[in-house]
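Listed in Swiss-Prot:
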- R21, H133, T352: substrate binding site (BINDING)
- G108, F109, S179, H207, T233: pyridoxal 5'-phosphate binding site (BINDING)
- K236: N6-(pyridoxal phosphate)lysine (MOD_RES)
Amino acid sequence: MSWQEKINAALDARRTADALRRRYPVAQGAGRWLVADECQYLNFSSNDYLGLSHHPDIIRAWKQGAEQFGVGSGGSGHVSGYSVAHQALEEELAEWLGYSRALLFISGFAANQAVITAMMAKEDRIVADRLSHASLLEAASLSPAQLRRFTHNDVAHLARLLASPCPGQQLVVTEGVFSMDGDRAPLAEIQQVTQQHNGWLVVDDAHGTGVIGEQGRGSCWQQQVKPELLVVTFGKGFGVSGAAVLCSNTVADYLLQFARHLIYSTSMPPAQAQALRASLAVIRGEEGDARREKLAVLITRFRAGLQGLPFTLADSRSAIQPLIVGDNARALHLAEKLRQQGCWVTAIRPPTVPAGTARLRLTLTAAHETQDIDLLLEVLHGNG
């Protein structure tokens with residue numbers, strides 16, 4: 001088989017399974033509204049959970065940062081790309097979340113991969129929740145360590161895997177809020193079992209940070225858990241992009257030496273770091289509290305209005321509200337019907353989710369209004 005035949009076969013297989021992904025160029029893709037092809041839709045596909053992507057204070061901070069520092073960092077943080085803006089953001093994040101250090105990364109994917117590839121050796125073992133993000137599972141699969149997966153949120157299964165002999169160290173990997181189901185990990189129980197077996201815990205709280213807990217400190221703070229490594233991202237609750245790893249001083253020093261994604265990548269622009277500092281100020285303050293409270297009210301209203309629909313609603317109290325449809329073609333058809341009626345919704349299909357669990361991944365944000373939720377419910381009931 002030639003290269004072209006190999007590529008064509010892979011694409012044909014995706015088409016046959018109604019699993020071929022495509023992108024839509026949008027004029028606006030975050031916030032309450034999505035604009036595409038000169039049409040405006042209520043946006044139920046954005047991760048901008050607090051509606052901060054268009055916040056004037058954050059936009060102003062980015063502009064001022066660009067005027068002060070320029071539009072790029074100019075290099076890796078190990079060379080010339082670590083600015084006083086980066087340093088200030090790291091210090092503020094560490095203080096906010098109760099850690100000694102924070103290290104910035106260009107994306108959550110990079111942060112997750114950096115942690116696992118830097119920490120793990122051949123004699124070690126990674127024990128990951130089966131539904132962990134692709135960045136975590138891919139890094140674990142490619143690392144020299146043994147990878148074992150435990151049944152989703154099943155602490156007893158995790159304990160059995162940790163109890164089997166391992167010549168090296170054990171790293172338990174999970175998420176705070178799961179990206180495709182919207183449910184939460186029992187972090188206190190997971191940490192207890194991990195500590196009983198002398199392991200370390202990594203929590204990716206991409207979808208919890210900024211959105212839940214006191215001052216938006218996320219899943220771990222809410223459950224009174226402090227993992228050895230906490231990954232937070234800035235493309236969701238913060239409304240910007242990028243990520244950080246929170247850890248001890250010694251682990252931070254170690255990652256600065258061995259995390260290749262950090263060493264060999266150009267740092268985020270200092271202006272972006274300034275915007276993130278402004279976003280953090282909103283998240284921690286009274287306005288952040290108000291946005292989280294509004295989002296919680298909208299989530300409750302949405303779930304209460306779904307009674308009678310012939311879909312499986314995931315057990316989620318987060319901004320992620322998946323409607324499990326099952327069949328790929330049906331999920332695509334339903335997403336298109338909703339778009340025709342003014343609601344932009346994305347169909348998520350295998351391999352992103354397990355076979356037979358194609359879904360509409362609905363996301364609610366603090367930018368939405370009550371009437372937006374009511375319209376979405378009306379459209380869903382009309383197409384159920």
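Each residue, glycine too, has its Cβ placed from N, Cα and C.
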Select one residue from S179, T233, T352: among these binding-site residues, choose the one with the most other Cβ atoms within 10 Å of its Cβ.
-> T233
In terms of Cα spacing, which of the recorded positions R21, H133, K236, T352 are within 10 angstroms of H207 (pyridoxal 5'-phosphate binding site)?
-> K236
Far apart in sequence but close in space: which same-chain residues, 6 or more away, have a Cβ under 8 Å from H133 (substrate binding site)?
-> G108, N112, E175, S179, D204, A206
Counting only other Cβ atoms and using a 10 Å cut-off, which of the recorded positions R21, H207, K236 scores lowest?
-> R21
Count, for each of the binding-site residues G108, F109, the other C-beta atoms lying within 10 angstroms of its own C-beta, and report the residue with the smallest count.
-> F109
Closest to T352 (substrate binding site): which of the recorded positions F109, T233, K236, going by Cα position?
-> F109
Chain-mates of G108, F109, S179, H207, T233 with C-beta within 8 Å of site centroid, pyridoxal 5'-phosphate = N112, H133, S135, D204, A206, V231, G235, K236, A243
Would you mind pulling the DSSP three-state label for T233 (pyridoxal 5'-phosphate binding site)?
-> strand
